Amino acid sequence: MFKWKKSLFWRIPVFFTFGALFVCAESRHKDNKQPPSQGGLLQALYSLNSANGTFLHKNNSTDIISLLLEKVECPKNVHGKQDPCTQCLRPDALLFMVGINKSSDIDDDAIQKISVVLLFYIMNQKDFCTSISNLTKMDYKFYRNSLLKLRKDEDCHYLSLNEIDDILSVSKQYFQLLEEKQCTDVISMEDAFAMVGSTAVDEIKLPRLAEIILTLSLQRVCITRKQFPNAEFFTDFIFQSFNRTNDLYAPDIAELIGELKATGDCSKLSNRRKSVRSVIPQKDNELLSNTNEEKGHDHSDIYEVEAHSRYWHQTHSCFSVYELVKVFFKNSHSPVSKEQFKQISPAIIHQLLTCSCPPASNGTTRLAPPTTLEKYGYSTISVLLLTIGSMFGATLIIFSSCEENYKLILQLFVGLAVGTLSGDALLHLIPQVLGVHEVVTHEHHMQQGDYIFEENEYLWKIMGMIGGIYGFFLINKLFFLLVSSPKQGLSLMNGHLTHSHDLPLDAHLGDQSRKAKSSSTIQLRSPDDCEHSEVPETLPVRPKARRKSKGISLLAIMILVGDSLHNFADGMVIGSAFSSSTETGIASTVAILCHEIPHEMGDFAVLLNTGLSAKIAFLMNFISALTAFAGLYIGLSLSANPDVQIWIFAVTAGMFLYLSLVEMLPEMIHVQTQRPWLMFFLQNLGLLLGWLCLLLLAIYEHKIQF
């Protein structure tokens, strides 16, 4: 007796707790403006089971699956009805289909896989349990791929909107939700269940979508498309707000202009405008603008409009730009002509008048600006890291002991320098100078997947320019390798391009290594430093020529000046970023470091290629890196004047293009080696890596956040 009372005492609060949750869920469903409950399928089963006065143990997988099969295979019994029902699925068979043991707990991943199988069962209930089809013996991948291939004319890797419409239509009929008044649209479902609908549903998103559909179906909630008014609604709304039917008068237009001017402060919106409820009937009872509806697929049963829905009551709905365009035109991403703009203007005015869309927000709390100590401390550490990164080019010294390997590795980094220098100028500096490198924040909605090309369209056009440069480089290089003989190539280089070969590159690494000298046969020199006579390969190097090679060539000076300006500008950018916030400064440091390391490594290779010793090249690289500190402190003190930065970027871009395309690229074409095809591969590898690095930086640098 005591145990029975104790059990009853324990059950009463549990019963009332779940009962209260169920009542709250039902009360939320009565308001069509609120999204459904965010609980998953398991939570829905617990709620339904507790409403019947029983308790479901979470660790009993067999009981959970049995209850789920009962609710799915017998939809009439969801709320306690006991109509006769034939079940063909067994709990152990269902668990076997998704690869789960009976003793295992049912977690979210398992319930989502089970939802996929049950959704397939709903779509193929007539054939699922027949002995002919043998569908009960398939594995999970079969059911998943079958749902993705629901329509033969659609992409088999994604579940399109049309296929989702088919699933919703069948599910609505299967669970007999046609007469239910409580419905939620796909947009509300995404918000409530954290479903991202920016792209089509793939095999990763499908299990979550299947769980949501089953959850809402068991809760007697139907899912429809987001409802849109027809094109005439917006004009009719404006006229109705002035109590006009067909004509507006001058005072009405003056009042309209005044309303538009006051929309900056929505709190001052007139009560009359707020109280206007659209009672404008839809033409031909058309509530939804299904401009993209395919012929032969009638889903009118899903979007069945009841008598009270003949009027558009969602006056203050916020429509995205693409949704507004879709209301009027078939292609929401097509350009809008002047005539089409006349049609869409009332919709824009409607959104302004009703203050439907809240001000754009980045969703983050603005932090307090960094203190002076933080700005100078963090920024100094960041530039120090950049300086250390720029010194990585010194690693090329280890290859100077073997002339042939040194030559090959050097050409790899020369190609990397050409790719990073030209890529930095074309993909980063020039767009920034022209003002097209700004970060544009787009709203997230169902068409967001198309933004990837539109947002970075200028980058793909610039990549076309780079493709032209690379294509002609390949033609010239292959012509040199396949057609020109080594002797002709040497004569061409000495006579036309004034590139001298077989001159030594001394690697003075210390007093003990002065005897170990290596010569570079791929030396870049300016016209003033070169003799116009052809130098035979067997000709010994004279001391005068050796001393002359120790001088600093014009190319080395240009690289020093260009790098100094670039690092100076980088320092100003970092100073400006840390003046804004610590997070922005760290993100900018990471972004600059991504292209600074390969850039400086390539520059170090070119400095060695001009005939400088390793020590001098290292010193010049270090001196150019120090200018970042000057730019940093000037940027911190002057808040990095954007006008000054733009001019620095413009001059730097010109220098980078000249260095990479005029001085360095011709050398890559005519350099000779004993292994020409291996060098050709390394040169291409360096070029492509440099361009790819700067392309990825241009696309994703604004997404680096901390």
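Cβ coordinates are placed from backbone N, Cα and C, and glycine is handled just like the others.
As annotated by Swiss-Prot, topological domain 'Extracellular' applies to 1-203 (among others).
Swiss-Prot lists 204-224 (among others) with the feature transmembrane segment, giving sequence analysis as the kind of evidence.
According to Swiss-Prot, the feature topological domain 'Cytoplasmic' maps to 225-378 (among others), an assignment based on a curator's inference.
Per Swiss-Prot, the feature transmembrane segment maps to 379-399 (among others); the stated evidence is sequence analysis.
Sequence annotations record features per position, and here Swiss-Prot assigns topological domain 'Extracellular' to 400-407 (among others) based on a curator's inference.
For 408-428 (among others), the entry in Swiss-Prot reads transmembrane segment, with the evidence type sequence analysis.
Sequence annotations record features per position, and here Swiss-Prot assigns topological domain 'Cytoplasmic' to 429-462 (among others) based on a curator's inference.
Under the heading transmembrane segment, Swiss-Prot lists 463-483 (among others), citing sequence analysis as support.
Sequence annotations record features per position, and here Swiss-Prot assigns topological domain 'Extracellular' to 484-553 (among others).
Look at Swiss-Prot and you will find 516-535 tagged as region 'Disordered'.
For 526-535, the entry in Swiss-Prot reads compositional bias 'Basic and acidic residues'.
Residues or ranges marked as transmembrane segment in Swiss-Prot (evidence: sequence analysis): 554-574 (among others).
What Swiss-Prot records for 575-617 (among others) is topological domain 'Cytoplasmic', and it gives a curator's inference as the kind of evidence.
Taken from Swiss-Prot, the feature motif 'XEXPHE-motif' covers 595-600, and the record attributes it to similarity to another entry.
Annotated transmembrane segment per Swiss-Prot: 618-638 (among others), in sequence order. Same-chain neighbours of the transmembrane segment (618-638): 375-376, 379-380, 383, 386-387, 390-391, 393-394, 556, 559-560, 563-565, 567-576, 578-579, 600, 603-604, 607, 612, 644, counting only residues six or more beyond its ends whose CB sits under 8 Å from a CB of the stretch.
Look at Swiss-Prot and you will find 639-646 (among others) tagged as topological domain 'Extracellular', backed by a curator's inference.
Across 408-428, 647-667, 679-699, stretch 679-699 shows the highest tally of CB pairs under 8 A with the transmembrane segment (463-483). Between the transmembrane segment (647-667) and the transmembrane segment (679-699) there are fewer than 3 Cβ pairs closer than 8 Å, counting only residues 6 or more apart in sequence, so the two stretches are not in contact.
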